[in-house]
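TrEMBL has this to say about the protein:
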type	residues	note
DOMAIN	30-182	domain '2-C-methyl-D-erythritol 2,4-cyclodiphosphate synthase'
BINDING	ASP36, VAL37, HIS38, HIS62, SER63, ASP84, ILE85, GLY86, THR160, THR161, SER162, GLU163, PHE167, ARG170	4-CDP-2-C-methyl-D-erythritol 2-phosphate binding site
BINDING	ASP36, HIS38, HIS70	divalent metal cation binding site
SITE	HIS62	site 'Transition state stabilizer'
SITE	THR161	site 'Transition state stabilizer'
Amino acid sequence: MPGHENNLKITGAQDFARAERILGCDMDVRTGNGFDVHAFETGESLWLCGVEIAHDKGLKGHSDADVGMHALTDAIYGALAHGDIGQHFPPSDPQWKGARSDTFLSHAADLARVEGFSITHCDVTLICEQPKIGPHAEAMRAELARIMQIEPGRVSVKATTSERLGFAGREEGIAAMATATLVKA
Ligand SMILES: Nc1ccn([C@@H]2O[C@H](COP(=O)(O)O)[C@@H](O)[C@H]2O)c(=O)n1
Ligand SMILES: C[C@@]1(CO)OP(=O)(O)OP(=O)(O)OC[C@H]1O
């Protein structure tokens, strides 16, 4: 609307072009998605989105098997079109055996910064019957934000069951999906 040029509420392609004109620069906005699954094994705790949760099972993996952090890491690589977590950290490489997954996420976030992108938002969904994620969601948001060096307000963590259907419903493992939005201005 004339006279409201500084109102940068962006809702569509035309608004986007207007924002670029007002800001006097090209904006490069990327989205990426990630998906991962890890099976349960005998254990007493598991790592999810950087938080250790006491549970009657652990998660099996070459690394610490933090399925949520792996999905988010892949979402960032996807937005950058930079392959996937297994290409950067091959499961065949003994160096990553038992590795903490913050190594992978901080690598992806660093790569985004090196390429001139800010991670403006990311959203992780964990799919499991147990453990319940709600009580840990705030701690997970804070930890993911700390690792990516962004504000917790830009990070969402949520969960759903699969209504007892499929492998997650039978509590054989946990699935995670994530999206990441990156902007270069
Ligand atoms: N592992 C989980 C699963 C679910 N939640 C929370 O419960 C809500 C209901 O789940 P439905 O699958 O029955 O829709 C869900 O929206 C979450 O808030 C959870 O915390 N942890
Ligand atoms: C994280 C890596 C590291 O070797 O191994 P896993 O912990 O097995 O996790 P997965 O998501 O199956 O594969 C990606 C690998 O890069």
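From the backbone N, Cα and C atoms, a Cβ is placed for every residue, glycine too.
Not measured: the values here are computed from a predicted model.
Across the structure, HIS62 (site 'Transition state stabilizer') and HIS38 (4-CDP-2-C-methyl-D-erythritol 2-phosphate binding site) place their CA atoms 10 angstrom apart.
Each residue in VAL37, LEU59, GLY61, ALA65, ASP66, VAL67, GLY68, MET69, ALA71, ILE174, ALA176 lies on the same chain as ASP36, HIS38, HIS70 and has a C-beta within 8 Å of the C-beta centroid of that divalent metal cation site, without being one of the site residues. Ligand 1 lies under 6 Å from the Cβ of the following recorded positions, listed in sequence order from HIS38, HIS70, THR161, SER162, PHE167: THR161. Counting in whole angstrom, ASP36 (4-CDP-2-C-methyl-D-erythritol 2-phosphate binding site) lies 7 from HIS70 (divalent metal cation binding site) by their C-alpha atoms. Spacing of HIS70 (divalent metal cation binding site) relative to THR160 (4-CDP-2-C-methyl-D-erythritol 2-phosphate binding site) is 18 Å (Cα to Cα, whole number). Within the model, the domain '2-C-methyl-D-erythritol 2,4-cyclodiphosphate synthase' (30-182) shows a mean pLDDT value of 98, rounded to a whole number. Ligand 2 lies within reach of HIS62 from the recorded positions HIS62, THR161, SER162, judged by a C-beta closer than 6 angstroms to any of its atoms. Here THR161 (site 'Transition state stabilizer') is positioned 11 angstrom away from PHE167 (4-CDP-2-C-methyl-D-erythritol 2-phosphate binding site), judged by their C-alpha atoms. A gap of 15 Å separates the Cα atoms of HIS38 (4-CDP-2-C-methyl-D-erythritol 2-phosphate binding site) and THR161 (site 'Transition state stabilizer').
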